[in-house]
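Asks: Okay, here's the structure, questions in a sec.
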Amino acid sequence: MSNISSPFGQNEWLVEEMYRKFRDDPSSVDPSWHEFLVDYNPEPTGDSVLAAPASTDGPSAPAPAAPQTAQPALPAQTAPPAQTAQPARPAPQPAAAPGNGASTRPAKPATPPPAEGDELQTLRGAAAAVVKNMSASLEVPTATSVRAIPAKLLIDNRIVINNQLKRTRGGKISFTHLLGYALVQAIKKFPNMNRHYAEIDGKPTAITPAHTNLGLAIDLQGKDGKRSLVVAGIKNCETMRFAQFVTAYEDIVRRARDGKLTAEDFAGVTISLTNPGTIGTVHSVPRLMNGQGAIIGVGAMEYPAEFQGASEERIAELGIGKLITLTSTYDHRIIQGAESGDFLRTIHEMLLSDGFWDDIFRELSIPYLPIRWSTDNPDSIVDKNARVMELIAAYRNRGHLMADIDPLRLDGSRFRSHPDLEILNHGLTLWDLDRVFKVNGFAGAEYKKLRDILGLLRDAYCRHIGVEYTHILDPEQQEWLQQRVETKHVKPTVAEQKFILSKLNAAEAFETFLQTKYVGQKRFSLEGAESVIPMMDAAIDQCAEHGLDEVVIGMPHRGRLNVLANIVGKPYSQIFSEFEGNLNPAQAHGSGDVKYHLGATGVYLQMFGDNDIQVSLTANPSHLEAVDPVLEGLVRAKQDLLDHGADDQGDEKAFSVVPMMLHGDAAFAGQGVVAETLNLTHLPGYRVGGTIHIIVNNQIGFTTAPEHSRSSEYCTDVAKMIGAPIFHVNGDDPEACAWVAKLAVDFRQKFKKDVVIDMLCYRKRGHNEGDDPSMTNPAMYDVVDIKRGVRKSYTEALIGRGDISMKEAEDALRDYQGQLERVFNEVRELEKHGVGPSESVEADQMLPAGLATAVDKALLARIGDAFLALPEGFTAHPRVQPVLEKRREMAYEGKIDWAFAELLALGSLVAGGKLVRLSGQDTRRGTFSQRHSVIIDRNTGEEFTPLQLLATNPDGTPTGGKFLVYDSPLSEYAAVGFEYGYTVGNPDALVLWEAQFGDFVNGAQSIIDEFISSGEAKWGQLSNVVLLLPHGHEGQGPDHTSARIERFLQLWAEGSMTIAMPSTPSNYFHLLRRHALDGIKRPLIVFTPKSMLRNKAAVSDIKDFTEIKFRSVLEEPTYEDGIGDRGKVSRVLLTSGKLYYELVARKNKDNRDDVAIVRIEQLAPLPKRRLGETLDRYPNVREYFWVQEEPANQGAWPRFGLELPELLPDKLTGLKRISRRAMSAPSSGSSKVHAVEQQEIIDTAFA
């Protein structure tokens, strides 16, 4: 005979009721039951007992418990009441009947007759099953173990968990989730608690199930309002991690509420969990039904009775916590009391252990350390006040190390923490959470509970935004940031949330569209970093809100097309046309560039305001970060044109053009030009009132991981050197990204300083679309490949919060995709243009005829006078005063030297209304103490700039011109890039950058290669920047000799630059004026002299400034004046620069009338016509030489040796070279060797 309990246990009544309904009307029963009920036999067999619903007078699961006082909580903005009704809380099992559960049923007492007036009701169906089950339960011999467990850690860690879930994916963890999971884990150590008793073939048997199936008592309300109890099982619990357990738990409860449970859900429960604590019951002994070995009861969480009348403050002061009572009612036939007691002790220890909570926090992806159990610290409240203030300071300093900012969470085993941020390390414990401490104005309060303090600190510094600002030295800036960061963030309105979603839709749909339509084409997609689009949008919107004039964006190639489309507003048709290779040749002179380097301009209209603002994106090369100084210079030029001033006191219009710079993480940390550019931030000649830096931190540089590409904790650490606040933000939280962007703009406007936003994200594909990143970064891409995109996760969050419906989200995305598809089809139909070789841009800009660069003598005199027009009481340095007097003398009498000729050119342009900007290392005085453009008072240090007087006409009216002269930082890369950018922003200005020595210009080689020499051909970007490069062999060694003429000549093509090496002050004067006035926007490279600055032969007369213009080819004055006889010349020496003076001195010394020296003043473009005409004047020449002091492989010869014979084949086919031998360095390091070599060149020229 078998005596195995029914597989449905307490749910037998429900199965029987379902069977009756099925028998009467099969359609009234869910179809999932049909297959089971067709063969079901409702008759009980053996000793099986029907389970029945609980009395409707019993408590229901959803009913909220009595409110708790002094609810403990972990730091949170609002600590939810601990006993708010939790989802899926098991309802209490029927209360135990009196008695000890003996197996022998006592005799039934006689039933007294009903009194008159009593109402009689015969119990049938489910109610009758209750009677039968309760009577049958008396046959199970039970005993009960009871244990009181501290609930404080359970309460506090649950608050931590739910606060995090509230901010991320939503949902809530109940106490029963945690207790149920702890119960399952304890069963692994005590498998006997999972057994049950049965009689098989008349023999007592203990059955150990293969799995743990936890029964949950669920209270249900019928259509008639009556309540009933079912016990559904979570199957195979022992195999589940916590997240899986919660999912299974919620699934069972949801299906129970919806009437979707199946027969399988009721069968096989091995141990049950009941929760009479929901109605305040502290301790109960539930009945144990056949088929189970134990039922665990959970009592209410209460303070000990003797403290329930105490105040919240007194309870906190005493360190009193709530208790929760667990009972284990077990079948004493197979489970012993010690075993049950140890089982409860294990649950007790587990709920207080670090490992249990660490496991749950990891499973829920909570990046913070759980609160730890500890005993109370008896120190005085005064002593702890100081510790609390230390804790606040620690969060302000180190809170960013705990922030949840990595969307990939690659190190999932590590909690984000720091010893300074743990309350235990400050002598504080969880018992202090509800104590009140003095906080001296923190968050606008004088006193706060530690729980509230921690909640505010974690919300401010440790959620999806990490803030670094304590490195800033200015206390006002620190306080400003604290006030905004430590204040509760206002949640975006639903309209704002929908707008953010629309930007994410646009960003993702754009990338998906290109990936689908242009498979395999490089586009350096933004996938994985789409939140940068709503971030940039929010920043630009805030700039518009401040009434600013323009946002200028500089960025690398990643995401550039998306920014062009969704931020700048470049037409999709144009972008897709470029993908099709469908470029109109009429608009595509020059080499052009790849589609992800091009720039554009648009107008941004506020979505929730009435303002608009200009937005532009500058062109850039693939040289990462090279665009940084260019952008800064471009913005400074625009600001100088607007001339709103530079008010540091909050004037909204000061610095009204905003540079927004996007970076990659590896480049920001790795490229030195970033630090060079940051160093410009506060310098008077370079300040732009703050740049918004956005780092698209995809945590990889091509294939290189951060630990191999930087030595700092963050890629942003370099920005600390300028005191910029740094915000690290999780790219999976677009609302946080938008909030940070607006705060960054507000800070920039308030303090006119740079701000850095470090948006951590990931790169969905390889470095480009043809790359497989899993080859070198497999662990990262195992995570990336299964990660849900930010658009999906944000959409789910909005839907989950009820902000939008699923249909609204789908419609928005579908509309955008349809728009792209329509444009794509239109592009397919556009006129196709044939592809041919690229065309030169040289003819696009031609020198105008008849351009006059001479000036009136009176203007020269005005400029000379300006140098002695010192302010009253101004004392020039005694060594400078003679220089000033000499300049006035030169202005009237002539013999003008190089330095004054330059100042005459610049001053005359200022007088003519030009903005002139001159910068470089030591430029105000001049490397060789030659310029003295700014005079310093010997006594007071005050400054006087004579040429600025030329900005005013003699009648007192302004000319419109300005003279801006600055000493630059010790930088070439950033400094040259800045000046190039300035000319892009103000094409009409004359902008000059001077190298300290021409040798050092190679520090800016990237700018020269990528912008100066090729910007016009690649992007149609025009610049008329001037580089002044001191050059000449004078025995100062290889690093103070050469500006590398050969490199510039190699770069020159299709009129890209003018390269000159003038040899007279007046020709230099006319060269600068021609460059400023000719309307051609192309760079000018001038190789300027050093020793020649003080060469008494290298001077010019006044008439050379007032009567002639720039001459690209010069003969010796003796021939130009008609004194020399050209017919006697049999040898022509072609040369440039200061070497001319050495050659002419030797010629005069030796009386060599047979030798003529012709100077080529303009090296490129070569003046073919003028050179030909000049050489034609010497009819009897038999040999031509190119003479240079540079080595044979350097200087002009490598190009001239090829080009001159082609240019003038009749004369220069046999052109020979006289120079130093080919050398790897520019010169010898010995001045004596230099002298020998120099003399050899001169001797050879006249041999």
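Heads up, the Cβ atoms here are built off N, Cα and C, so glycines get one too.
As annotated by Swiss-Prot, active site, proton acceptor applies to His332, with the evidence given as similarity to another entry. Residues or ranges marked as thiamine diphosphate binding site by Swiss-Prot on the basis of similarity to another entry: Arg558, Ser622, Leu624, Asp665, Ala666, Ala667, Asn698. As annotated by Swiss-Prot, 2-oxoglutarate binding site applies to His597, Ser622, His1040. The feature Mg(2+) binding site is assigned by Swiss-Prot to Asp665, Asn698, Ile700, with similarity to another entry given as support. According to Swiss-Prot, the feature acetyl-CoA binding site maps to Thr1058, Arg1074, Lys1109, Ser1112, Gln1162, Arg1169, Arg1170. As annotated by Swiss-Prot, compositional bias 'Basic and acidic residues' applies to 23-37. Here Swiss-Prot flags 51-60, 66-88 as compositional bias 'Low complexity'. Per Swiss-Prot, the feature region '2-oxoglutarate dehydrogenase E1, N-terminal part' maps to 1-41. Positions annotated as region 'Disordered' by Swiss-Prot: 23-118. Under the heading region 'Linker', Swiss-Prot lists 42-104. Swiss-Prot lists 105-353 with the feature region 'Succinyltransferase E2'. The annotation region '2-oxoglutarate dehydrogenase E1, C-terminal part' is assigned in Swiss-Prot to 354-1247.
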Asks: Name the one residue among Leu624, Asp665, Asn698, Ile700, His1040 whose Cα is closest in three-dimensional space to that of Lys1109 (acetyl-CoA binding site); these are the binding-site residues.
Replies: His1040
Asks: Determine, to the nearest whole angstrom, how far the Cα atom of Arg1074 (acetyl-CoA binding site) is from the Cα atom of Asp665 (thiamine diphosphate binding site).
Replies: 44
Asks: Near Leu624 (thiamine diphosphate binding site), which residues of its chain come within a Cβ-Cβ distance under 8 Å, counting only those 6 or more away in sequence?
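Replies: The list for Leu624 (thiamine diphosphate binding site) reads Pro556, Gly664, Ala667, Gln671, given in order along the sequence.
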Asks: Considering the recorded positions His332, Arg558, Arg1074, Arg1170, which residue's Cβ sits among the greatest number of other Cβ atoms within 10 Å?
Replies: Arg558
Asks: May I ask which of the binding-site residues Arg558, Asp665, Asn698, Ile700 is closest to Ser1112 (acetyl-CoA binding site) if we compare their C-alpha atoms?
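Replies: If we rank Arg558, Asp665, Asn698, Ile700 by Cα distance to Ser1112 (acetyl-CoA binding site), first place goes to Arg558.
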Asks: Through the lens of DSSP with three states only, how would you label His332 (active site, proton acceptor)?
Replies: coil
Asks: Cα distance, Arg1169 (acetyl-CoA binding site) to His332 (active site, proton acceptor), nearest Å?
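Replies: Computed Cα spacing between His332 (active site, proton acceptor) and Arg1169 (acetyl-CoA binding site) is 117 Å.
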Asks: Sorted by position, what residues of the same chain at least six away from His1040 (2-oxoglutarate binding site) have a C-beta under 8 A from it?
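Replies: Sequence-distant Cβ neighbours: Phe997, Asp999, Glu1034.
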Asks: Relative to the mean position of the Cβ atoms of Asp665, Asn698, Ile700, the recorded Mg(2+) site, which additional same-chain residues have Cβ within 8 Å?
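Replies: Checked against the 8 Å cutoff, the neighbours are Gly664, Ala666, Val696, Asn697, Gln699, Gly701, Pro706, Cys761, Tyr762, Arg763.
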Asks: Going by a 10 angstroms cut-off between Cβ atoms, which of the binding-site residues Asn698, Ser1112 has the sparsest surroundings?
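Replies: Output over binding-site residues Asn698, Ser1112: least Cβ neighbours within 10 Å is Ser1112.
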Asks: List only the single closest residue to Asn698 (thiamine diphosphate binding site), chosen from the binding-site residues Thr1058, Arg1169, Arg1170 by CA-CA distance.
Replies: Thr1058
Asks: Tell me the coarse DSSP state (helix, strand, coil) of Arg1169 (acetyl-CoA binding site).
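Replies: Helix, per DSSP.
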Asks: In angstrom units, rounded to an integer, how far apart are the Cα atoms of Thr1058 (acetyl-CoA binding site) and Ser622 (thiamine diphosphate binding site)?
Replies: 25
Asks: Take the C-alpha atoms of Asp665 (thiamine diphosphate binding site) and Ile700 (Mg(2+) binding site) and report the distance between them in angstrom, rounded.
Replies: 8
Asks: Can you grab the distance from Arg558 (thiamine diphosphate binding site) over to Ile700 (Mg(2+) binding site)? Cα atoms, rounded to a whole Å.
Replies: 13
Asks: Near Arg1169 (acetyl-CoA binding site), which residues of its own chain have a C-beta under 8 A away, given they sit six or more steps off in sequence?
Replies: none
Asks: Compared by Cα position, which of the binding-site residues Ser622, Ala666, Ile700 is the closest one to Arg1170 (acetyl-CoA binding site)?
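Replies: Comparing Cα positions, the closest of these binding-site residues turns out to be Ser622.
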Asks: Among the binding-site residues Ser622, Thr1058, Gln1162, whose Cβ has the fewest other Cβ atoms within 10 Å?
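Replies: Each of the binding-site residues Ser622, Thr1058, Gln1162 was scored; lowest Cβ tally within 10 Å is Ser622.
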Asks: For Ala666 (thiamine diphosphate binding site), what residues in its own chain, 6 or more apart in sequence, show a Cβ-Cβ distance under 8 Å?
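Replies: Same-chain residues close to Ala666 (thiamine diphosphate binding site) (Cβ under 8 Å, separated by 6 or more) are Ile700, Gly701, Phe702, Thr704, Pro706, Ser709, Arg710, Cys715.
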